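Notes to accompany the following structure.
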């Protein structure tokens, strides 16, 4: 079965239970979906995700999300092989480029040579410089930053360098320029950092600071060809929605839409679905992760899932017989877990087309590259053998 349009949708950080190697990351027992369901005590209403097998893919159903008796969809899990548990690792691996060598992390903050260069280039002092939750460090240092014009620099358990500044104090163009310079400092060989993230915020004081949608990711350039490049080279249209474009530094992408929020992202999806094209639309919805996972907010996480599920109903209704929808995640971020970092989890895999005559289990797929291999197979494009297509299993 071949499809004219393939929609790959990443529910950022919506993990499906601890991966077998979770202990190496200190993430034993993490289960984003399971724990959010438990937190909602049976009131997590996800009828559309349930219909296409969200609880079917689990050993234990999500509380409030019934197992579908006869899902005309395929379901399973994917297991990562990349060395990290960041968005970059997950998305690159999906597109045939697993990150086998661990990137640089900074549990004690960034070394003096990086900080000095940032200060010299920007003419501004760096404050913070430690692993911290973004909301917490902005609440703590944001008022000082407004008075002094300093740069709030921080990291996490992932390979990221984040720079926060108030939009009224440091204009976005200047913040982005500083982040571009920071990107140039950590492209190897000594330091190899996955993402530089501009984290602008607004608000009058610590009680009212909010990070804005003007966040930008300056990602390490892909270290090799990805499935997006292969599709583009073969003349297959590639559309990116959300931070997907940033994650691949624009490589292999023909058209990109920036998201203000999950709902804005779904507006873009609705729009793209009205277009007549042959190709792949790769979507990332980041609010689950950025707004609720890192902030350890299970209430917000569950509500975001329910809001997404409602919008998914429209997508399912608008699909053509020759459309394929594949829903997954890039890692976990259990909002009930300790700390504020991503969690090493398996991720859901839900595959649907109105043309399916049946449904069933796709099992546990590893690596994530099976996802991209299936897209390539659909369009008759050769891959690099990192993943194995499951297209032939879809009937």
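The backbone N, Cα and C atoms fix where each Cβ goes, glycine too.
Note that the coordinates shown come from a computational prediction; the quantities given were computed from them, not determined experimentally.
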Co-listed Mn(2+) 2-binding residue [Swiss-Prot; alongside 289, 294] among 208, 251, 258, 342: 342
Candidate nearest residue 342 (Mn(2+) 2 binding site) in space, where candidates are the binding-site residues 12, 330, 331 and distance is Cα-Cα: 331
Cβ neighbour count (within 10 Å, all chains shown) around residue 330 (Mn(2+) 1 binding site): 30
Packing count at residue 294 (Mn(2+) 2 binding site) (other Cβ atoms within 10 Å of its Cβ): 20
Fewest other Cβ within 10 angstroms of its own Cβ, chosen from the binding-site residues 12, 289: 12
Alpha-carbon distance [residue 294 (Mn(2+) 2 binding site); residue 331 (Mn(2+) 1 binding site)] in Å: 12
Inter-residue Cα distance where the pair is residue 12 (Mn(2+) 1 binding site) and residue 294 (Mn(2+) 2 binding site), in Å: 12
